[in-house]
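Accompanying notes for the structure given below.
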Amino acid sequence: MDSVSNLKIAVLINTPPDETDFQSVVRECFREAFASIAPTGEVDFYDPVVERKFPDASRYDLVVLSGGKIDAACSDPWVLGVLDYVRITARDLPKTKILAVCWGHQAVSRAFGGQVRPVPAGEITAIEDIRLTDAGMKFFPFAATSGSYRAIELHSGEVYTPPPGFISLAENQECFINDTNNVLTFQAHPEISHELASKLILEEDKKHSRNSSAEVLGIDRPTEGLKLLERVLQWLSE
């Protein structure tokens, strides 16, 4: 990998356009997060949905699969294109690492033989303490003492069966790394700041008229997304 100052990152925005500003919010979250931890790095965005554009992975240190508002189990042509791209990149360009979040986590699992499904209890919008496995505590030393990392979850689908050749770094199929060490996935959103996470949780609570306390909502303690992404940057050279 190049040094952090020369870091090159490609982000695939994996969501169809709609009447909201969701796509621009996704871009801004990644732009701000990487600017915080790699301010001189280069971040490029690609649209695999409408433009069907994919990065030349050989030009990048890291390819990121974003979240998205579509079923990761569907067979839309662009979804199948993302799955093929991930498989080919991981196989043919192992020096380029792949990071996948939320929908991307599910898509990667499907691409390599795992199973995804709708969340049985319905859509999840919550800040959660995600419990680590023994392997996860070794991979995320900053979280070894607590045994968990804290991040926001925003999803209606989940990984039901993990893909062969992937190691669980967190319980409940929340985080995987493959055994060739070039694909890392999170169900949670490390790119979303604590401020935005808190805003989203409060809006969801207000929508359902719960008006819960900050403690009940889980927004009283900061999320650890930047710590997770800092660990991702360290991983690029491992």
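Cβ from N, Cα, C; glycine included.
The feature domain 'Glutamine amidotransferase type-1' is assigned by Swiss-Prot to 8-238. The feature active site, nucleophile is assigned by Swiss-Prot to CYS102. According to Swiss-Prot, the active site annotation covers HIS189, GLU191, on the basis of sequence analysis.
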Simplified DSSP label at HIS189 (active site) comes out strand
The correct three-state DSSP answer for CYS102 (active site, nucleophile) is coil
Quick note, HIS189 (active site): same-chain residues at least 6 apart with CB under 8 Å of its CB -> CYS29, GLY67, VAL101, CYS102, ALA151, ILE152, GLU153, LEU154, ALA197, GLY225
Here the 10 Å Cβ neighbour count for GLU191 (active site) comes out at 28
The average per-residue pLDDT within the domain 'Glutamine amidotransferase type-1' (8-238) comes out at 91
